[in-house]
């Protein structure tokens, strides 16, 4: 048994300059596990609750001292002495201690930081890399990355309605080569935007945030950059979108302000289907609002056999909501964000629920990130085959990519790169 002897929480700063929670879990052996939690900008209404202090005199009300206090007192008392290797028991203890459906009493940020730090301590104690500790000794594949190189919506101050335009280097032979392709396209795009007098400042996730005449213009610039970097769109590099449609869904209509359009669910499904026919788009996240299940069903029936339709705000990493979506034939993929649900055990349950139903699972960062690389290990440990962790700039994004490079190197011939196999449920 590897007993927990102390837990120390602190308030640190995330990539947006906002406070977040970091936790150290100390074991009897002297081993320490450390983890820090992320925070989102566009959030689903059913996400687990991130506890903020609301004190306007500190960090504009975004302090997390109460969450830190909850860890250092109540949570510590509840799990000191427990075996750190009993992850599911620890997580259930935290859930029961909180006692609410959405972790609003103690805070999902407090609970998740402890859950992740316990896993890190247990891995260290076992002498295993985190991905091996979490995933066992079986065959593991490196995930195909979805790289957000043009930011819009809630992630940027610009005229683009949709939140993310991504490149997916699925046609490359290794993760290392996929990462290189992504970086080369990123630099080619910067050069193109600069030559046209467009801004090359970056958004929260490290992608460029230029003012463009339309949402479609973002796709066209990216295709130009792929070609300029010496790659072939559709063969080497595919495209992905995160519409974050809940952000512009009002009164039953989709308001694309940059184009002066107000579309019904059926019209917006047509709009997206036209793009899918025209461009090598393989993945669309939150193509409809979380409040528009009928629209989701319409979109799934329309293009769900040839495009990955990822539920983020829709499913909020919640196995119960995902099961409802599976039953109703809504979407064919789930985005996995550890802080939407609040423990590692519940995160893994959602991933398994997706896989059993033939849905894909995409491991994801948040727009407010830290240097914590746990999600990189989770993507390999669970054989999720896809990861979404930002652009090719900003260290909090690159930290995850660099961890995946290390994992690929460690596994050597005992691994392969998922590539286009990541989209196993498409025809």
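Heads up, the Cβ atoms here are built off N, Cα and C, so glycines get one too.
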Same-site residue for Mg(2+) (record: Swiss-Prot; known: 242, 285; options: 301, 312, 313):
312
Pick from 163, 220, 224: which one does Swiss-Prot list with 337, 366, 367, 388 for the same (2R)-2-phosphoglycerate site?
163
Of the recorded positions listed here (205, 242, 285, 312), which is spatially closest to residue 163 ((2R)-2-phosphoglycerate binding site) when Cα positions are compared?
242
Integer Cα-Cα distance in angstrom, residue 367 ((2R)-2-phosphoglycerate binding site) to residue 205 (active site, proton donor):
6
Integer Cα-Cα distance in angstrom, residue 242 (Mg(2+) binding site) to residue 388 ((2R)-2-phosphoglycerate binding site):
11
State the Cα to Cα distance, in Å, between residue 205 (active site, proton donor) and residue 366 ((2R)-2-phosphoglycerate binding site), rounded to an integer.
8
Check: same-chain CB within 8 A of Mg(2+) site center, minus 242, 285, 312:
163, 164, 241, 243, 244, 284, 286, 310, 313, 335
Whole-number answer please: how many Å between the C-alpha atoms of residue 388 ((2R)-2-phosphoglycerate binding site) and residue 285 (Mg(2+) binding site)?
11
Rounded to the nearest Å - Cα separation of residue 285 (Mg(2+) binding site) and residue 366 ((2R)-2-phosphoglycerate binding site):
14
